[in-house]
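A short write-up of the structure that comes next.
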Amino acid sequence: MALDGCGLFCKYTLIIFNLIFAVVGLAFLGIGLWLRFSNGTRGIFEIEALDSSAFVTAVTILIALGAVMLVVVVFGDYGACNEKRCALLVFCVLVAILAVADVAVGVVGFNNKDSVGAHIVEFYASMYGLYVTGKDPVIGVTLRFIHSLLHCCGVTGFTALELVNDTCPPADGFFENFKMPGCPAIILSVFDSKAELMLGIFIGTGALLVVALVCSAILCKKIRRCSSPFQTMVMTQSTSVRPIPPHGLVSTSYPAPYLYPDPVVFTPLSVAKVMALVCTVILLKQTKRDQQAVTAYYTTVY
């Protein structure tokens, strides 16, 4: 169906948004499933005493969040690419829930930044211990990302004592070749000093979700407007303009029966109505011929 410029803009915006969402969701789900079923980490989930640990909680959140994001992407891409209002409405509901949850998590985390920082430190310590014992490549990539992001190295930061030097970032200065900042202290300081930035990131993510929600709602409206069937045609006529009667249908000696002060509504005609209309036209033509014959007779006689 033909969409206008605004509808096309919203459509392609949703497609790009869903592609990015799909990449992030696949990354979350893949990392979460790897950490859940990897040989080096599977045993943690089998110990009941560790069910509430930060590592188990974080992996569960990664899997659930990745799965939810992929479900949202399925509805969003299907609705945008195929212009299906039902799928877009489901997408709107899911995105609205995600936006509210995202902002709520950001506000709760900001109000409890100390406990959140402690849980992140616990999660890092679990990842550190698992990598030291098992050298899991996915855990190594995760540690390398954390170390590069925070510019820290291991638990102590001493190069000679650290067991994960292969995941540490390059030293910025001469002294960092011997001692880099330890990650637990950096994590706590980041959550303490940059809590406002973290809250802004959550609010910004919620704003992006709201933009996707608005685009989806606009696209739904455009699709409904384009797909609504043309049921009736209404013609209005002014009393100051007299329409020309159809040629050969009615006599000009009679007042035109087709002049109505109100609008005339033409509805789609069925086969039976079309046949009745054809018969009416034939009868009108025959009537006119009879009138002309009678007029000619009286003219001849008189």
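Cβ atoms are placed via backbone N, Cα and C, with glycine included.
Curation does not apply to TrEMBL; its annotations are automatic.
Look at TrEMBL and you will find 12-35 (among others) tagged as transmembrane segment. Residues 41, 55, 59-63, 65-70, 72-73, 76-77, 79-81, 138-139, 142, 208, 211-212, 215-216, 219 of the same chain, all 6+ positions outside the transmembrane segment (12-35), place their C-beta atoms under 8 angstroms from a C-beta of that stretch.
As annotated by TrEMBL, transmembrane segment applies to 55-75 (among others).
The transmembrane segment annotation in TrEMBL covers 87-110 (among others). Note on the transmembrane segment (87-110): residues 68, 71-72, 75-76, 78-80, 116, 195-196, 198-199, 201-203, 205-206, 209-210, 212-213, 216-217, 219-220, 223 of its chain, located 6 or more positions outside it, place their CB under 8 angstroms from a CB of the stretch.
The annotation transmembrane segment is assigned in TrEMBL to 197-220 (among others).
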